[in-house]
Structures are given as structure tokens and as C-alpha cells.
Amino acid sequence: KGKCPEDGWDESTIELFLHELAIMDSNNFLGNCGVGEREGRVASALVARRHYRLIHGIGRSGDISAVQPKAAGSSLLNKLTNSVVLDIIKLAGVRTVTSCFVVPMATGMSLTLCFLTLRHKRPKAKYIIWPRIDQKSCFKSMITAGFEPVVIENVLEGDELRTDVEAVEAKIKALGAENILCVHSTTSCFAPRVPDRLEELAVVCANYDIPHIVNNAYGVQSSKCMHLIQQGARVGRIDAFVQSLDKNFMVPVGGAVIAGFDESFIQEISKMYPGRASASPSLDVLITLLSLGASGYKQLLKERKEMFSYLSSELKKLADNHNERLLDTPHNPISLAMSLKNLDENNDAAVTQLGSMLFTRQVSGARVVPCGTVQTVNNYTFKGFMSHANDYPCAYLNAASAIGIKKQDVDVFLKRLDKCLKTFRKEAKQEKSVNEITNSNTGTEHLED
């Protein structure tokens, strides 16, 4: 059926299945005689076992999705993986998606591939409209493809940074629709930035006949992000959306999924990939989804959502205890932000120091964002880099509830964060006491004089 099985398979069944695929590849035939330059020869038996003897990779020189005659098993693996992943994307909320393929590049390079495919459709275009998100790989994806990003600053609404749709439309009118390659929007992001207004952007793209590429890096795990993509495609235009394998399916870094609603366009992107490709990301995600099954993946999505609620409520309590506050970002379904105003006011370096303290205490993934950081990326200078705005009102700390997170992770993080913040408060009190004593002594000396 080409769908993810409802219930996961056990390891021995998966291994049997992979061995059956492997013996369909010519390099594993008993009487094989190879006289070409690419015969699936592997010097190390350990490497062969690591790849289940699926050595030929996927695709052909002209198309990453094409079938290889000498590698029937690897080709079947590729087709099955794409089919199973498509089923999971539908299950996660984008019901009308028609096509997808796994590509052995992470999200940034996969976005570049999409932009390079659009170049042939819009040869005059030189600009990409990009609502600002302070993440280097999605920015560099446009530069690497040879286009000029047009940065649209976000609008502050309460604590949230939201898409300035009016500014996007004004910039399209100013530059001319024919000179714009696409709008490059984002779903999953660090709070206080929230997912772009995909429905409004999709309508603008449809009205001006401009392609729309969505960076959905870790959005598959969020029903809200997937709903935005589904709605955007329903009311307007979304040409492709790109998501990471490691962030959404808990496999090693190195793969992404490019998906869309027009099968012919997704095929065009796959044909843009030069040469064959590594089968490792496809193999990893297929093994993972076969072991989880559709029910196992749905359970992980459910647990992630529950942990987001738990993290939110507990982080709010901790923030209140330290005279800080959990920023109000209801449109962000994955990431949370807690203000660090007291830290920032007392000591300029304290915010950065908190990040170092958490990292040395084995807390990974939490980001501290000081005010006013200036960063230059490919000759573009961003003020307030990492905060997605030139002048966000306060410094803050990020924490996210991503797929696979456990209650223990949340509890340990909160305990260590609390301890670090108490250390700062203790130091601040001691410094205040020293200053008071110094001021008192100074005052007495003046009286004596």
C-alpha cells in the first residue's frame, strides 16, 4: 500500500526486510561480474554491515528519484521511503499534499535546491522576499542560490513578533512581481517570533503570481504548523515546503523532505539534484517509521504537545519566582521564551554568562538572547541578531518542547535553571551590600573632613 504500517515492526522483521532489498542489488549477486567504475564495492565489512549492504545509493545521474537497473533493492527502498514519509505528512495535518521526496541534504541546502529550480521558471528574478528570522542556514540558502534576500522586518504585537504582510505586498509592488523569485516564509521558529501568517502570504503570492517556498524545518511535529501549510495551500499558493529529517523523525542529521501540492513541480526539484545520492537518510527514516508505526509516531506527537503545556506552566512558575515573566507567545506551538530583564539590568555580561552556565551544566538547546547583538552574515548586517528584531524590548531565554522530549528533561532543566538564577541573585545581593558599605564609609569620611 506504500503507507506507514499502523503498528511498528520488531527489529528482526525490519532487518529481514532490509536484507531482502539488499540481495536485489547487483553488487550482492553471487555471480556478479563488475567492470565499471561504480560497482558497489566496499573495502570494509563493517561499513557494508552499517549500510545493510545497500551500497548503490539512490537515483541516477539525471534524477534523484529515478530507478537504477543495477540496484533494484535500493530503488525500491527509495520509492517506499518517499511513499511512507508522504503518508506521515498527511497524518501530521497536510492532507492534500501530493508528492514528496527525501533528499540527503539538511534543510538549508534543500531550500537552495528549491530556489535553483525556480530560477529556470523565472529567469528575470533576482530577489527573494524573506520575513526576517534570525537563523543563518535559511538566510544563506538564498545567498548560495545566487539571489538577493529582501529582509522584511517583523511587527511587534504584544510580546510576539509577527509577519508584516503589508510590508511584503508593498515591497512586491516596489520591486515588480516579475523580479521576485519567491516569498520565503517560515513556520517553526524560536519564540518570541511566531510562525509567519502563511494564509495571508499565500493569498498575496496567488494574487501576484509569485512562488511561495515554506521553511518548515521542525514543523511536522506541530499540528499548528502543519495546519497553517494546509490552509495556505487551500486559500492561496504554496509551491513547496521543506522539513528536516533529524528534527522531526529523530534520525541523524543529514536529510530533509521536500514536499508540495503540484507533483510535477516536486519532480522538477528532484531532477535538479545532480547525480546519485546517499541512501543513508532514506534508510534511517524508513527504519525509524517502520519501528514506530503510524500509531507510535502519533503517540510521540501527542506526548510532545503534552510536554509543551507542562514546560509552559512550570517555566511560568519559575519566572514568577525570579521576578521575571514567561513571554506571551500563544501563536508559537513549540518554543517558549522567558524574560531576563533583571539579569540584563544588573550586569551586561550576565545574560551571556547564564547561557554558559547552563551549557556547562549539560543543558543543551536552551538559548539566551541578549539585547543589541550585531551580527554580519554574508555582508548583511543584522541588529539585535537572534531576537528577530532590531530592538526587542528585553533579553530572554528560549526553551522548546520538541518531539521525543521527556518529563525528566523538563524537570532537570528547570531545576538547573533555577539554581543558576539563584546564584545570580545571591551575587547581586552581595554586590549591593558591598556597595552600601562602601557608600556608608565614604559618607563618614566626608563628615570627618
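Cβ coordinates come from backbone N, Cα and C, glycine included.
For reference, TrEMBL has these:
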BINDING   Arg38  pyridoxal 5'-phosphate binding site
BINDING   Arg60, Ser61, Gln68, Arg276  substrate binding site
BINDING   Arg234, Arg361, Lys426  tRNA binding site
MOD_RES   Lys247  N6-(pyridoxal phosphate)lysine
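Residues near Arg234 (tRNA binding site) in space but far in sequence (CB under 8 A, at least 6 apart, same chain), listed by position: Thr96. The CA atom of Arg361 (tRNA binding site) is located 48 Å away from the CA atom of Ser61 (substrate binding site). Summary of the substrate site environment: with the site residues Arg60, Ser61, Gln68, Arg276 set aside, the chain residues having Cβ atoms within 8 Å of the Cβ mean position are Gly57, Ile58, Gly59, Gly62, Asp63, Ala66, Gly275.
Once the Cα atoms of Arg234, Arg361, Lys426, the listed binders of tRNA, are compared pairwise, the greatest separation found is 55 Å. With respect to Arg276 (substrate binding site), the closest of these recorded positions in Cα terms is Arg38, chosen from Arg38, Lys247, Lys426.
Cα separation, Lys426 (tRNA binding site) to the residue listed as 'N6-(pyridoxal phosphate)lysine', rounded: 38 Å. Minimal Cβ crowding within 10 Å, among the recorded positions Arg38, Arg60, Lys247, Arg276, Lys426, is found at Lys426. Taking each of the binding-site residues Ser61, Gln68 in turn and counting other Cβ atoms within 10 Å of its Cβ gives the largest count for Gln68. For the pair formed by Arg60 (substrate binding site) and Lys247 (N6-(pyridoxal phosphate)lysine), distance between Cα atoms is given as 28 Å, rounded to the nearest Å.
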